[in-house]
Amino acid sequence: MQFSEHWLRSLVNPPLDSESLGHLLTMAGLEVEEAVPAAAAFSGVVVGRIIEAEKHPNADKLKLCKVDVGQDELLQIVCGAPNAAAGLRVPCAMVGAKLPGFDIKAAKLRGVESFGMLCSARELGLSDDHGGLLELPDNAPIGQDIRNFLALDDTLFTIKLTPNRSDCLSLAGVAREVAALTGQPFALPQIEAVVPAIDDRRPVVLDAPDGCPRYCSRIVRGVDAKAPTPDWMKQRLQRSGVRSISALVDVTNYVMLELGQPLHAFDNAKLVGAIHVRYPHAGEKVLLLNEQTVVPAADTLLIADEARALALAGIMGGEDSGITLDTVDVFLESAFFAPAAIAGRARSYGFVSDASHRFERGVDFELPARAIERATRLILDICGGTAGPADETVAKDHLPERPAVRLRPARARRLLGIDLGDDAIVRLLEGVHLSVEREGDALLVTPPSFRFDIEIEEDLIEEVARLHGYDAIPACAPQGSLMMLDRSESGRSAWDVRHLLAARDFQEVVNYAFVEEAWERDFCANAEPIRLANPIASQMSVMRSSLIPGLAANLVANRKRQQARVRVFEIGRCFERKADGEPVAGFQQPLRVAGLAAGLALPEQWGAASRQVDFYDVKSDVEALFAPRALGFERLSDPALHPGRAASILLDGRRIGLLGEIHPVWVQRYEMGTAPVVFEIELDAALLADLPAYREISRQPAVTRDVALVVEQALTAARVIEVMQEAAPTIVMGMELFDIYHGKGIDPGKKSLAFRVLMQDTQRTLEDAEVDAAVEAIVRHTETSLGARLRG
């Protein structure tokens, strides 16, 4: 909402400069979004009266003017404005004046000396109008500084209101707040009931009292719709961001800005019979003032007469019943429309009006009668005419209630952390017209009709804080005792996991839990994802069941920015439907950790060979995350992963995640460049850690033996090691695969796996006999269990 500081100070005038006033409003919750001068900076411009305006002797389009600026002699000024004429009062820039962008000097124009310049509105920076001189009223004092005459030393405030503070969508509302905050007197213009001179009325029927429980109306006959709007009113409207249209329209807009009550003026001659406030009939249409024809929805409130719909109630009037410059008789409307009946209706038709903006937030339901009296008096003063009685039609049972809200001052003090006495709290609340009664240790506070935001105790506590001043609440650091808590050695935190992955050169990302349906289908084979009822964007319409699609999207975004090496991870929740038969139906949200590596295995540098990251690089990252716990890996078929480069991750025989290279189809479709390698693991599994186990470091020499076994092609090395360990005696410290061989000497469908077996004792040096016996036991057990044979 935009308004003039001068207008505000005509209602309440605190001893504050413009900057301090803006700060006061902001700290009270009425955020000042902008405070700008009403006019550009200029000086040396006064009110001048053109005494003569003759044709320039050397130019057809110029005039030679004699101008009275209150000095002993008339000024000779050459002017090219088409409306320059004798008798006209205009702004006159004297020699030495400083205008926006240039200074005024004495000059010769087509051979004739000119001592100044007559100004248009654009040359003064007041508007874009440059079609002619800015014409001033005949009562403008000659020689007076134009800034003083037009009150240009003004500030235009624009405040950003929260939806609950509709009471401040008017000058009266803002002035009421300033008065309460500064203790200054607040005075609206005196509003007295207009004595009716005629008895003309028009019946009003409230067919929808739930949407409109109060409707005030009045007929004013014999108005002069062509009467000019007073300059003071046009100025206030302009500085509030409202364009002057005609005197009748300007009056309704002015009262809305001043008091906060939207009004509408109908051409009474265009109305038929009684006025009905009702919901639309099937197929009904309304041509609005913005030249838009709408078919009102069933829940849109209408103003209608006996013949047709006239207007969208509380939103916009209709073209067929609107006032024009030929209007003689006016039917004034000032009503209360319930917020629920107006909210969202205008936006559903593709626009928002000043009236709908106010009504959907809440307008004082006691204000319509006062507003119609104020508008009537202004119309009579400006346009003349005779007024009929002000009629009021009310459905009292449907008017909003204002029940008292119980406030406990002790609780307010505890929540706010300030020591405010009960009397101080009462004084603050009564300052904004809240009625307060004492009830023991509590206060019963009744909000006024214009406050729609006071419903519970917390609203009142917030009001106390706001009026006391948020900046007046002392800053106190929170205090609390800290205790050293035991930390289990068998677990670790998500931060530990983050640090481990960061140490492996991964960077953390945080993605939306909403993903594109195609990504969910391609990367998760999820044909029935969990859909959002109201997605924030079409490409974010489903909940993710895996973290991998989000990481893939991060890769694509980085590829488009020429990033050759990408290593990212994320810890977050996924969303899955619970399996049938679970005790509670619905969804589950498991926490997972996932990573993606693409591009170079190592940052490019002269001392290391350049190669692309592969399956085994990321496998080692995952194993490092769980070390010293040993992981198992099994071949995996997954639609998102390469059919020959994917594995399930096992911990203690249980599947906890997956690892693999993205399928070539998706790499090509989503333009990922080189194929990335990804992993995804249950976070709970990554948080488990083995208790530290200490053992003696042997001083004795270790012995190694190499064993080559021929096994079935499909058998994994991990399975062979598992079987070998079953028969290994205590002297065996470890086994590792160091060679795989296919070819000459190996039967088709077979392969040779070579293992290095490490043996050591803590007390003595091992003898060849017991080393050979250990190897023989391992080989024999493997032959029996897996059908392996020792390679000769």
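Yeah, the Cβs are placed from backbone N, Cα and C, and that goes for glycine too.
Remember, it's a predicted structure, so these values are computed and weren't measured experimentally.
Straight from Swiss-Prot, the features:
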- D453, D459, E462, E463: Mg(2+) binding site (BINDING)
- 39-147: domain 'tRNA-binding' (DOMAIN)
- 400-475: domain 'B5' (DOMAIN)
- 698-791: domain 'FDX-ACB' (DOMAIN)
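Recorded features from Swiss-Prot, shown on the structure.
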residue	record	CB count, 10 Å
D453	Mg(2+) binding site	16
D459	Mg(2+) binding site	16
E462	Mg(2+) binding site	17
E463	Mg(2+) binding site	23
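Under DSSP, the residues of the domain 'B5' (400-475) split into helix, strand and coil as follows: 33 helix, 13 strand, 30 coil.
Summed and averaged per residue, pLDDT over the domain 'B5' (400-475) gives 92. Neighbouring residues of the recorded Mg(2+) site, listed in sequence order and excluding D453, D459, E462, E463, comprise N164, I454, E458, L460, I461, R466 (Cβ within 8 Å of the Cβ centroid). The helix, strand and coil residue counts that DSSP assigns across the domain 'FDX-ACB' (698-791) are 30 helix, 32 strand, 32 coil.
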